[in-house]
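Asks: Okay, these came from TrEMBL:
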type: DOMAIN; residues: 1-107; note: domain 'Thioredoxin'
Amino acid sequence: MLLQKLNASQFEEIIYTDGNPSLVIFSRKSCHVCKEVMPVLEDLQSKYEGKFGFYYVDVEENKAVFQRFSLKGVPQILFFNFGEYQGKLSGKVEDEQIEEKISQVLKA
């Protein structure tokens, strides 16, 4: 299942207004590492359906959202719960690392 792509207004609504536990990967089409991480997130998405949101932001199309968090490079996976930033993972990450962070966010 593909991750839902967010623009700036959708990001505001889903992350801050709805406030459900979620992760957002910041990536770009030309990023090779991003292309390796996306399938991992897509696989995990079905496991957490209804409990945890999985989204992505294309940094070339939404620079303002990317710059808001002072991120350096991609991929960056940011975690949120109740509209609050809960941490991030950077670079090539394995499913175990992502699931550990999801577990921490769900307990927060």
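Placement of Cβ uses the backbone N, Cα and C atoms for every residue, glycine included.
In TrEMBL, annotation is done automatically, which means it is predicted and not curated.
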Asks: Need one number: mean pLDDT over the domain 'Thioredoxin' (1-107).
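Replies: It averages 95.
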Asks: Which numbers of helix, strand and coil residues does DSSP report for the domain 'Thioredoxin' (1-107)?
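Replies: Helix/strand/coil tally for the domain 'Thioredoxin' (1-107): 46 helix, 27 strand, 34 coil.
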